[in-house]
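K.L.:
I grabbed these lines from TrEMBL:
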SIGNAL    1-17  signal peptide
DOMAIN    45-378  domain 'FAD/NAD(P)-binding'
DISULFID  C82-C87  disulfide bond
BINDING   K91, G157, T183, G184, S185, D363, M369, L370, A371, H372  FAD binding site
BINDING   G220, S221, G222, Y223, I224, G225, L226, E227, E243, G317  NAD(+) binding site
DOMAIN    397-509  domain 'Pyridine nucleotide-disulphide oxidoreductase dimerisation'
ACT_SITE  H499  active site, proton acceptor
Amino acid sequence: MHARLALVLLASRQASAWLLSASMRPLSAPPARTNAVCMADEAEFDLVIVGCGVGGHGAALHAVSKGLKVAVVAGADVGGTCVNRGCVPSKALLAASGRVREMRDSEHLKAMGITTGAVSYEREAVAAHANNLANRVKGNLENSLTSLGVTVFSEKGAMKGPTTVELVGSDKTISAKDVILATGSVPFVPPGVTVDGKTVFTSDEALKLEWVPDWIAIIGSGYIGLEFSDVYTALGSEVTFIEAMPKMMPGFDKQIAQLADRMLIRPRPIDSYVGVFASEVIPGVPGEKPCTVKMIDAKTKEPTATIEVDAVMVCTGRVPFSEGLGLQELGVSMNRGFVQVDEKMRTLDAEGKPIEGLWCIGDLNGKMMLAHAASAQGISAVENICGNEHILNHDAVPAACFTHPEVAMVGPTEEQAQERATAAGYEIGISTGNFRANSKALAEGAGDGIAKVIFRKDSLEVIAVHIIGLHAADLIQECANAIEHGTTLPELAMTTHTHPTLCEVLDDAFKGALGRVAH
């Protein structure tokens, strides 16, 4: 259990440490271990990784630490979606727009004795902040690989065998004992939606912040849609959500979604259509001609409404990117484009049997489409490649939505947890800690929010935690550690939490759970 926890934590630690500081300190490749489990015989490399996002990067670093000779086929996209078109630049936009929102909240500041004048921003400078951060992190990531002796090929890769990779556009083919596929995903654009990259766009284009529309429709109310609604409303836009499911934020815990609606939607210039598809989206011309969005009922497919807005952002999820890999020719089992793998990340064939030497991690396998999950899967795969059996506990991998305030979770929703409990024959309990009772949150004028702990009544194990409130994304890690470690509620309740800090919201929930069980 402890070894497994160390490996999971290593995923996020490696990603953050190397991404942000690799170019600031000298690096040297560790000596090859004489007892390394996997060493190349006739193959050129011990391990070739196709794709160089956070997942491929994490796998490469871990493989080097095992003494393996590693190559990465980066496809001219070092950093992948997360660094170039996702997690990293979006956080820069959220940080900048969040400052604008905070400084424009005169009532909040007045309560703390602060008065400000008019607050403005320069769109070009905000966009440059995001772009510069992405470029910096991308450079650090590549430096961390080459400094450790990893061979980085800029070409895209195509599989010519389970352990043979062609470098597309060249006449070179490389071989290895094992290959990890880590090519990630791309935005999904539904049928009927025409993307022009200017007035109708995905997150890829939105991160460039080429303009701030007065009124923007966002199709989909998941993590990405919510985060960009936070950015756009802070910068002065009105937002209309178009959601196919009957309720907003369908992937969230029901109670947390209700609170998010009260805290993140209602107080802002946001309205929504739910239970509808955007059946047709026609681009416009910035500042001249609006976009047209035609909607139909998600069940009956009957027309429901048509709106004209300045821009449309498509946030309808992501699909695996396997174009040109040649996986079907290898007999790789696919489901809706996702590569099928077992719990050790081994790629499966049509009969469900592992394909020797071929592994798959991250968004391409669809198990959990998060950057740090991809990194953790990559580390797990390397462990299994080297003969150290490891199975990643996806229920212990946290997730976060970086709105203001943040939403974070680890483990199943209450509804999912109840289904599992009913099937397995045990009862769950729920305990809540409130930000309004927390001194640090009140000092910040941010008393809205809760931490919701779901646990087994018989064993007092933590099953899941859902948080909405100030710095929820940071608070969730303690809960993820507890789930991975098997730490029980009595142990958590007896752990001293610093006062006054936000983590006391969790402390209240842990102690409250024991009180509920006792009575």
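Think of each number as a place in line: the chain as shown, counted from 1.
Cβ from N, Cα, C; glycine included.
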K.L.:
Please identify which of G220, G222 has the densest Cβ environment, defined as other Cβ atoms within 10 Å, among these binding-site residues.
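P.N.:
Answer by Cβ density within 10 Å: G220.
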K.L.:
Closest of the recorded positions to L226 (NAD(+) binding site), Cα to Cα, picking from C82, K91, T183, M369, H499?
P.N.:
K91
K.L.:
What same-chain residues, at least 6 away in sequence, bring their CB to under 8 Å of the CB of H499 (active site, proton acceptor)?
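P.N.:
S439 - these are the non-local Cβ neighbours of H499 (active site, proton acceptor), listed in sequence order.
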K.L.:
May I ask for the distance between S185 (FAD binding site) and I224 (NAD(+) binding site), taken between their Cα atoms and rounded to an integer number of Å?
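P.N.:
Cα-Cα distance, S185 (FAD binding site) to I224 (NAD(+) binding site): 14 Å.
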K.L.:
I need the neighbours of the NAD(+) site defined by G220, S221, G222, Y223, I224, G225, L226, E227, E243, G317. Which other residues of that chain put their C-beta within 8 angstroms of the C-beta centroid, in sequence order?
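P.N.:
Other same-chain residues with Cβ inside the cutoff are I218, M249, C315.
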K.L.:
Give, as a single whole number between 0 and 100, the mean pLDDT over the domain 'Pyridine nucleotide-disulphide oxidoreductase dimerisation' (397-509).
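P.N.:
It averages 98.
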K.L.:
Just going by other Cβ atoms within 10 Å, which of the recorded positions C82, C87, A371 has the emptiest spot?
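P.N.:
If we count Cβ atoms within 10 Å for the recorded positions C82, C87, A371, the smallest count is at C87.
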K.L.:
Kindly report the helix/strand/coil residue split of the domain 'Pyridine nucleotide-disulphide oxidoreductase dimerisation' (397-509) according to DSSP, in that order.
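P.N.:
Summed by class, the stretch gives 44 helix, 32 strand, 37 coil.
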K.L.:
Measuring Cα to Cα, how many angstrom lie between T183 (FAD binding site) and C82 (disulfide bond)?
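P.N.:
Their Cα atoms are separated by 12 Å.
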K.L.:
Hey, which of the binding-site residues K91, T183, S185, I224, E243 is the loneliest by Cβ count within 10 Å?
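P.N.:
Taking K91, T183, S185, I224, E243 as the binding-site residues, the minimal 10 Å Cβ count falls on K91.
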K.L.:
Restricting to the record's NAD(+)-binding residues (G220, S221, G222, Y223, I224, G225, L226, E227, E243, G317), give me the longest CA-CA distance in Å as a whole number.
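P.N.:
About 15 Å separates the two most distant Cα atoms.
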K.L.:
Just checking a number: largest C-alpha distance across K91, G157, T183, G184, S185, D363, M369, L370, A371, H372 for the FAD site, rounded to a whole Å.
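P.N.:
The FAD-binding residues span at most 30 Å between Cα atoms.
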K.L.:
Using Cβ atoms only, which residues of the same chain lie under 8 Å from M369 (FAD binding site) while being at least 6 residues apart in sequence?
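P.N.:
Within the chain, M369 (FAD binding site) has Cβ neighbours under 8 Å at S185, R318, G362, D363.
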